[in-house]
Structure formats: structure tokens, C-alpha cells
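Only one structure is covered here, and it is reproduced in the block below.
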Amino acid sequence: MITLIYGGSSSGKSSYAEDYVCKSNYKNRYYLATMVPYDEESKERVKRHRDLRAGKDFVTLEHSVDITDAIPEVLTVDSGDFSTDNRLSQEDIILLECMSNLVANEMFRDGQVFHSDYCIKKIMEDVKELHQKVKNIVIVTNNVFEDSAEYDEGTKDYLRALGKINQNISALADEVYEVVVGIAIPIKEKGRVL
């Protein structure tokens, strides 16, 4: 099952996603972190997210690019509370936080700028491969499309990629929720748009 949770900056989407995973019956919880802390503000954001997760039995996997590299880790990790026993089960769930960072990291990596079409294709292939191995994935993403600011071409290309990826994941998802001021609004449930 794929669940997409989106919202604006500081909308409460991350907290909702963590609670969503914790209220589920999944035994093995993985937090796939994609943010690269590059300044004090982003370091503080990472710390805040770690503090939010404290005591929630998540195993943190950090992959700012190439999210399928997390698969071997999931197969071998032992948190002390559970063991995957070298196989994935229906009791495993991954919370990917967040798609917006992943798109930026894939698009602007290794000192290069990759075209949005390439990033869309790569990330969607990676999400599908991850989903083949771990059947239960919750993906958090940002809604960055409601402002009317003017952007340079590189930022516009990034926004196009993120928008298309969000649409593609929404189409694949069994459930989609928009989080506004900490309240989750169901958009799609059981594969059906509401």
C-alpha cells in the first residue's frame, strides 16, 4: 500500500505521517530520511524531526539520493526491538520524508543539474522498486504550488519535476491526504478519489 501525505510548509504533515504509521499495526517501522542538512536552519529541522520520532520505534535510514540503496539496510538491520530476519514482510513500513528534498537532491547532485524528465523517471522507478520490496510506504511531500512567486528556470524545472512526481505517486497511491493546519483531509481512500 502506498500512502501520500502532502501539505504546505509547517502544515503538520510530518507529525501526521509519523502518527499515521505509529497507529497502524506495522511491526517494523523505517524512517527513510532524505534531507541533507546544509545550514543551521536545516540542521535544526533535522533535530526537530528526530525529536518528534523519539520513542516511536523507527529505525532511521538516511539516503538523500538513490533511495533503493535503503533496501539492503532494511534486509539486515536489527534495532534490538525486532529483527527483519533478512526478509521483508507485510509487517514492514517505510516512511519516506520527504519527496521534495529527494527531488532537489537528485536534480542538483554531484555538482551537476539533471533535467526534470530524467529525475521524474529515476525517482518513479526507485519508488516502484522500493514498493516491490516493501509493500507499505508512506510518502511525505510538500505542496509548493500555491504561491505566485516568480522563479528562475532551474527552480521552475524543479517545481515541474516535483509536481509531476506528486501526480504520479498520487495515481499509484491507495490513500492520499492533504494536511492543513495539522488536520488531515482525505483526498483518496482505498484507491478511490473522494
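Backbone N, Cα and C atoms are what each Cβ position is placed from, and that goes for glycine too.
Among Glu40, Glu73, Glu91, Glu97, the residue that TrEMBL places alongside Gly7, Gly8, Ser9, Ser10, Ser11, Gly12, Lys13, Ser14, Arg50, Asp51, Leu52, Arg53, Glu62 at the GTP binding site is Glu97. Its own atom aside, the Cβ of Lys13 (GTP binding site) has 25 Cβ atoms within 10 angstroms in the protein chains shown. Long-range C-beta contacts of Ser11 (GTP binding site), restricted to its own chain and to partners at least six residues apart, with a cutoff below 8 Å, comprise Asn143, Val179, Val180, Val181, Gly182. Around the Cβ of His49 (active site, GMP-histidine intermediate), a 10 Å sphere holds 18 further Cβ atoms from the protein chains shown. A 10 Å cutoff on Cβ-Cβ distances gives Ser9 (GTP binding site) a total of 9 other Cβ atoms nearby, all chains included. Taking Cβ-Cβ distances under 8 Å and a sequence gap of 6 or more within the same chain, the neighbours of Glu62 (GTP binding site) are Ala33.
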